[in-house]
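Q: Just dropping this structure here.
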Amino acid sequence: MLIRLLLLIGFTSINLSCVSKTHLPILSHYIDSNGKKVNYNIENFEFTNQLNQKVTGKNTKGKVYIANFFFTRCPSICPKMKVGLTRVAHVYKNADDFMILSFSIDPKNDSIPILKSYANSTGVLNSKWHFLNGKQSQLDHVATLFRTSFKPLNNGIDFYHSSFTALVDKNQQIRGFYDLLDEQSITELIKGIDFLLDN
């Protein structure tokens, strides 16, 4: 199966692994019609997790979290992404103000029972790591908010998608993007999480 990584929109010239952990810029913004930069929050979404519970922006308010896009049938980059995310989850297993959101880009096939089985394979508490299924319109919307994209291939059998995860602060603003296929990038992600949890 062929999966190509997509560069995150607008960040081709930024090496976020080199950003100091004491200076994490707000990356969730857009330029309005007057040329002014406007920050936005990641808050208007609704999905269902592996326990058939609703997860919305209200669940993430006041928490630091990371978010990525995946699908359970993916045999190439997703397994390694899963290893990286599991590493992060274990570091923060006792942190009540940290969570992980993994959005399935294959909601038709990634049913709630399948997501539950996939979640159980990580050995991470369900309350810590949410595997999410939602309407296609919501999925497209949240992908735009996270400044990424994905594309179905071969009639939905395969997908182009990114290996990056977004780091979001307690105010629901993106503070970094990190490559889950790169060990050093994951180390920098952990530093970023530590900084946001302490500030």
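Cβ atoms are placed via backbone N, Cα and C, with glycine included.
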Q: Tell me which of Cys18, Cys74 TrEMBL records as disulfide-bonded to Cys78.
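A: Disulfide partner per TrEMBL record: Cys74.
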Q: A 10 Å Cβ contact count, applied to the disulfide-bonded residues Cys74, Cys78: which residue has the minimum?
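A: Per-residue Cβ counts within 10 Å for the disulfide-bonded residues Cys74, Cys78 bottom out at Cys74.
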Q: Through the lens of DSSP with three states only, how would you label Cys74 (disulfide bond)?
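A: Its secondary structure by DSSP: coil.
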